[in-house]
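Taken straight from TrEMBL:
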TRANSMEM  A:34-56  transmembrane segment
DOMAIN    A:110-199  domain 'Cytochrome c'
BINDING   A:Cys123, A:Cys126, A:His127, A:Met265  heme c 1 binding site
BINDING   A:Met174, A:Cys220, A:Cys223, A:His224  heme c 2 binding site
DOMAIN    A:207-288  domain 'Cytochrome c'
Amino acid sequence: MTDHSSDIDSVSGKSTTGHEWDGIKELNTPLPRWWVICFYLTIVWSIGYWIVYPAWPLISSNTTGMFGYSSRADVAVELANLEKIRGDKMAALGAASLADIEKDPALLALARAKGKTVFGDNCAPCHGSGAAGAKGYPNLNDDDWLWGGTLDQIMQTIQFGARSGHAKTHEGQMLAFGKDGVLKGDEIVTVANYVRSLSGLSTRNGFDGAKGQKIFAENCAACHGDAGKGNPEMGAPNLTDKIWLYGSDEASLIETISQGRAGVMPAWEGRLDPATIKAMAVYVHSLGGGK
Amino acid sequence: MNKTVNPNDLKPADDVGPLYAARKKVYPQSVSGTFRRIKWTLMAICLGVYYLLPFVRWNRGLGAPSQAVLIDLPNSRFYFFFIELWPQEVYYFTGLLIVAAVALFLMNSIGGRIWCGYLCPQTVWTDLFYAVERLIEGDRRERMKKDASTDPMKLERISEIVLKHSIWLMIAWWTGGAWVLYFNDAPTLVKELVTFQAPMIAYIWIGILTTTTYLLAGYMREQVCTYMCPWPRIQAALTDEWALNVTYRYDRGEKRTSVKKAAELRALGQQVGDCVDCYQCVAVCPTGIDIRNGPQMECIQCGLCIDACDNVMTKIGRPKRLIGYDNDINIHRRQEGKAPIYRIVRARTIVYSAIIAAVGGFMVYTLATRSLLDVNVLHDRNPVAVKLSDGSIRNAYTVRLLNKSGYDRAIAIDVEGPVNPKMHVVGVDSVTPDRPIIVIPRDSTSELRLLVTAPAENNPEKSIPVRFHVMDIGLGVAASATDNFVAP
């Protein structure tokens, strides 16, 4: 213990704490008693807290407290309550037709909110969190739709997918004209340039338009149509617009024609409940490109 | 005054002092006079406003609350007579706090702790509780005697104590009760409270405020000011030599002596102080200090010692205001035989007043000219731009329209930026496709998803600024917001 015997302030006659700075000593001004009592009470309180609530970490778990309180259980209860509250609204969503959902502001807001969440969980890995797509994965914000952009068509695509193996899935794929030996190398180059010309893109020197048109008519028009406008029934894209899933440069087109394309969209029926799929369809439709 | 003590002469060892100190209970004596009257009046006004304001009505039309002052938490609205504030207008409260703080500084530089002595809720309620205590248990001496008594308590004493605490609790309960009325329609809530139909949270808050009022005004009293409140420390740092504080004019008071002796010495033509050491200033002090020791942190400057001293001075035939609002400068000037000077208007008070006027003026101006129609626009971030099949470019925006008025509005949206843009509001089939019209209900916001498409032939090369104009087509009130139109 420090000897405080000389720690008396000569001016005030009060004792000091013994701490000195540049010759100035701090007077010992006692705390109020109630303050000290409150301080000790908080310590006592904390002991009670250790006993009542989970507090001490053990090797693989922790003390559970007197009543087995768990914040995780609290969250589970709250989530269950939330689901219950949402249940009614989701039921209303499930009962309404797609067109009616878009006309009812409350249902539209719910469908968009729900759709956005579910989209983030299930669709974003391929289509991107903002549904902007990537090469081979369609942008869902634009007005170009492989399988149709009406509410019902979007819903059908989500439900059954494309080339998903589901019994009702969209079928039809871009054949590998080069790999399968249907077209020869120079024919592929010619038809690729012809396809570019359909949407007003430049063609290579010496490109024979008539020959390209002939190859196109014989091989491609069955799915893409005589004018190359595509066909949503087959998932055949419109070749006359400005949107290209796999790229519009000659090399990409040659690759597409030689190797074929068959992107897969999984079927969500059975994995998501019908009301959720409806919400998704409305959400995707509302992104801006829906027809 | 300070003499040096040889440390060796001082009592050693056990005089280190206690780690904590018990409160010395204060028994303020009743007093009458100018400052007591001012304090009673201000107490009546402050408490009257606090207890009755929730019952004042204000007609805002059908469907809007009719309470003049209401903090509507569920709907996030604050109503103050003709003003209605939304959460995003919280800067008015910031402004109010700035004005309040600077007003506190101004008060302090003019008249010391005016707030502490007259207006602070802690002072007002403590004063009220002391009044109740005095009414039931008697004045200072009686209360001290009763507290010191070791005799077994008689029924009369017990009933006094019970009565005092009952009245205290009732006042405290009313304090908490009035508090919750600011958060709900007062007459409805009162009905619910008495029939036990009110929400649990109302009872909980009444309970909390009953407890704090009872403890703070009944028990903690001056200790709140001394130990808990930061203002005494701040004000000590803010004060200057011209500020008027409750001051013992030692130039007049010293040397202290008795009435009789003073008269004798005066008869001999000698200089004598006016203070007769009657301790009335100490007896009436609600913080239990002696003002004659000079400015002290504990002093809340309520002016009651001025009243007490004036009464004594009148009785002994000496001039009043031996204790009064004054400063050291004037004490010294009087000692030097000069006339005292008072400088209320000085750089400090001018600057404080200017800040109050500037902030207050700015608030009033913005409040008076604020628009009851507002629009916020947020550009879609992912994707920022979408190329459509015909080569045109589309940008999407989240548009939030705010209708702060008490009636529904039909709003037309125009966009200025891209050449010949097409607009579409998701979920709205507008009869005027190039100029969507949306109805926003009264006192609410609407969030819309607005798609703006620049035709292929007018595609901007790069990002260009875009301006959204919204207009109430009935009243012509308009608002606008800017953002960018981004090319991919």
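Just so you know, glycine gets a Cβ as well, placed from its N, Cα and C.
Under DSSP, A:Cys220 (heme c 2 binding site) is assigned to coil, being neither helix nor strand in the three-state scheme.
Within 8 Å of the Cβ centroid of the heme c 2 site, not counting the listed residues A:Met174, A:Cys220, A:Cys223, A:His224, the chain contributes A:Leu175, A:Asn219, A:Ala221, A:Ala222, A:Gly230, A:Met234, A:Ala236, A:Leu239. The Cβ of A:Cys123 (heme c 1 binding site) lies under 8 Å from the Cβ of A:Ala131, A:Met280, each of these being in the same chain and 6 or more residues away along the sequence.
Residues A:Cys123, A:Cys126, A:His127, A:Met265, recorded as contacting heme c 1, have a largest CA-CA distance of 10 Å. The predicted model assigns the domain 'Cytochrome c' (A:207-288) a mean pLDDT of 93. Among the binding-site residues A:Cys126, A:His127, A:Met265, the residue whose Cα lies closest in space to that of A:Met174 (heme c 2 binding site) is A:Met265. Same-chain residues that are not part of A:Cys123, A:Cys126, A:His127, A:Met265 yet have a Cβ within 8 Å of the Cβ center of the heme c 1 site turn out to be A:Asn122, A:Ala124, A:Pro125, A:Tyr137, A:Pro138, A:Leu140.
Annotation note: A:Cys126 (heme c 1 binding site) sits in a helical segment as assigned by DSSP. Under the DSSP three-state reduction, A:Met174 (heme c 2 binding site) is assigned to strand. Remark: of the binding-site residues A:Met174, A:Cys220, A:Cys223, the most isolated position is A:Cys223 (fewest other Cβ atoms within 10 Å of its Cβ). Note: the CA-CA distance between A:Cys126 (heme c 1 binding site) and A:Cys223 (heme c 2 binding site) rounds to 25 Å. Fewest other C-beta atoms within 10 Å: among the binding-site residues A:Cys126, A:Met265, that description fits A:Cys126. Here the Cβ of A:His224 (heme c 2 binding site) has 22 other Cβ atoms within 10 Å, regardless of which shown protein chain they belong to. A:Met265 (heme c 1 binding site) sits 19 Å from A:Cys223 (heme c 2 binding site), taking the Cα positions as reference.
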